[in-house]
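Q: Residues or ranges marked as compositional bias 'Low complexity' in TrEMBL: 86-101, 115-140. Residues or ranges marked as region 'Disordered' in TrEMBL: 86-166. Sequence annotations record features per position, and here TrEMBL assigns compositional bias 'Basic and acidic residues' to 102-114. Residues annotated as compositional bias 'Basic residues' in TrEMBL: 146-164. Residues or ranges marked as S-adenosyl-L-methionine binding site in TrEMBL: Gln289, Tyr372, Glu393, Asp454. According to TrEMBL, the active site annotation covers Cys479. Among the features that TrEMBL reports, active site, nucleophile is placed at Cys479.
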Amino acid sequence: MNGHAEPAAAAFTTPVSITAIEPENYEVQLERKLTKLKQLFQEFDTPELEVFTSPPVNYRMRSEFTVEQRDGPLHFVMFDKAPAEGEPVAAAEDAGAAAAEQEGHEEGEPERAAEQQPEAQEAGASTSAAAAAAAAAAGAEGQGKGGKKGKKGKKGGKPKGPRRVRVDTFPVATKQVNELMAVVREEADKTPELRQRLFQVNFHTTLAGDAMVTLLYHRKLGPEWQAAAERLRDALAATPTAAAAGVRPHVIGRSRKQKICLDADFVIERLTVGGRTFVQKQVEGSFSQPNGHVCQHMLTWAADVTKPAAVDGAVPALEGAVPALEGAVPALEGAVPALEGAAAAAAAEGAVPAAAAAAAAGGPEDDLLELYCGNGNFTIPLAANFRRVVATEVSKSSVEAARYNMEANGVSNVFLARMASEEFAVTMRERGTRRRLEGLEGWEALRLRTILVDPPRAGLDDFTVELLKEFDRIVYISCNPDTLHANLKAIAPTHRIARFAAFDQFPYTHHLETGVYLVRR
Ligand SMILES: C[S@@+](CC[C@H](N)C(=O)[O-])C[C@H]1O[C@@H](n2cnc3c(N)ncnc32)[C@H](O)[C@@H]1O
């Protein structure tokens, strides 16, 4: 294989049409999703929906592409997942479903996933969530603009497999991803060491201009590859966004049981929440929110619903009235109505609006429990709203990133444990101890009244739902309205929705990030 072959004759498909993304219809696609969301949740008597939009293009911080190179120049492709037999869903939407399903939520074991990718690719499967997102967002060339509805497999035959869609530029991804894509294609085309048996390229950028490119191979990588990758890195550093930010993008080479990092395997993001900027280490292959702009809205919203201001006046009077928890969350049940009563009294005196007071979280008497904390995305900006935070996460690399991020942002009131949420829920219920909770001094005296959960698409397990019910205030961030709805059915008898928000993280797919803030009835 060399990089100078003639272009392949009529390769798999023509390049994706940029117009299929239809930024001019951004509002229309969002409105459709909002209508559906409101209908789904109307049984819960929701307050007015707060809506946070995305930029209509260049919003996606990370993207993954399969490499197609046969005999011609190298180009990127993605897979458009065909609808299942009899499924009357637009192919584009279907691909979006697959994408959102993997929007990092299945990224708990990135090392293993990366190692398995070569096999999956050889089996012809699409392992690229972002590629499917691309197909969704791009409207899948060949389906026609917006995708033809209800395309089924042959009658009586098998459903069609994923279809390749060539991507030369990808308007959904950041401008920087597009700049890097062009350079990787050009450099790999003329450098056999870079190109040989390259099957996938992952791009990860940040609002801050930092960037990382991972090249995945079906061959062992040696010193020649590293030398070529260093030249590639120099070329990537000369792209406009990296040059303007003074950044040299990290290059990573991966093949089976091999990972070579030029510099680092992470990027540093900068997110602004309530006027303060937080740095965030995002590790290659681990979960990070895909839409940086919308992520800032989500963090600002969560910081707002948990801000202690509404109970500021009330809490000092309560000191002493709220008993130490003595380890048991149920013991809070008697105490918190008193807090709310005091807050309401303060409100009556004109201190705060009654509704806000009743719904207020945070403050010096309130500790936060956060499950599914990832790299500390919510933990760190919200830590200032609470006396202490207990946070758990199952992914080792995310826990390590969260520890780094806490230190980098000077946050010292968080106890972080690597633990599955269901394991934590059972431990808490039984007031047991686990090795991973060692060091949680004051466990017995925690005042956990607020819980924040941001689970994968599957939503919460039964143990965690039961745990939620024991809290007076619940912040539930969800990327899947269906599982959120199912979980809320169990919680609604004891809690009402005080705030309700939609964050359009995934434009042009039918997915919608949702936030609900619940308070005990
Ligand atoms: C939607 S992400 C949210 C991460 C983080 N809150 C953020 O905003 O970046 C879900 C997280 O849950 C973690 N996770 C998945 N299953 C889990 C489980 N059973 N227990 C605890 N964490 C889990 C994943 O590793 C991932 O970091």
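The chain as shown is numbered from 1 upward.
Every residue gets a Cβ built from N, Cα and C, even glycine.
Unlike curated entries, TrEMBL annotations are predicted automatically.
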Q: For Cys479 (active site), what is the tally of other C-beta atoms lying within 10 angstroms of its C-beta?
A: 25
Q: Whose Cβ lies within 8 Å of the mean position of the Cβ atoms of Gln289, Tyr372, Glu393, Asp454, the S-adenosyl-L-methionine site, other than those residues?
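A: Apart from the listed residues, the neighbours are Phe287, Cys373, Gly374, Asn377, Phe378, Ser398, Pro455, Ile477.
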Q: Tell me the Cα distance separating the residue listed as 'active site' from Glu393 (S-adenosyl-L-methionine binding site), rounded to the nearest angstrom.
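A: Cα-Cα, rounded: 17 Å.
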Q: Which residues does Asp454 (S-adenosyl-L-methionine binding site) neighbour through Cβ under 8 Å, counting only same-chain ones at least six apart?
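A: Listed in sequence order, they are Glu370, Leu371, Tyr372, Cys373, Gly374, Asn377, Phe378, Tyr476, Ile477, Ser478.
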Q: Near the Cβ of Tyr372 (S-adenosyl-L-methionine binding site), how many other Cβ atoms are there if near means within 10 Å?
A: 23
Q: Could you give the Cα-Cα distance between Cys479 (active site) and Gln289 (S-adenosyl-L-methionine binding site), in whole Å?
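A: Cys479 (active site) and Gln289 (S-adenosyl-L-methionine binding site) have their Cα atoms 11 Å apart.
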Q: If you draw a 10 Å sphere around the Cβ of Gln289 (S-adenosyl-L-methionine binding site), how many other Cβ atoms fall inside it, taking every protein chain shown into account?
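A: For Gln289 (S-adenosyl-L-methionine binding site), the count of other Cβ atoms within 10 Å is 29.
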Q: Work out the three-state DSSP category of Glu393 (S-adenosyl-L-methionine binding site).
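A: Going by the DSSP assignment, Glu393 (S-adenosyl-L-methionine binding site) falls within a strand, counted as strand.
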Q: Near the Cβ of Glu393 (S-adenosyl-L-methionine binding site), how many other Cβ atoms are there if near means within 10 Å?
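A: Its Cβ has 27 other Cβ atoms within 10 Å.
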Q: Of the residues named as S-adenosyl-L-methionine binders, Gln289, Tyr372, Glu393, Asp454, how far apart in Å are the Cα atoms of the most distant pair?
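A: Largest pairwise Cα separation, rounded: 15 Å.
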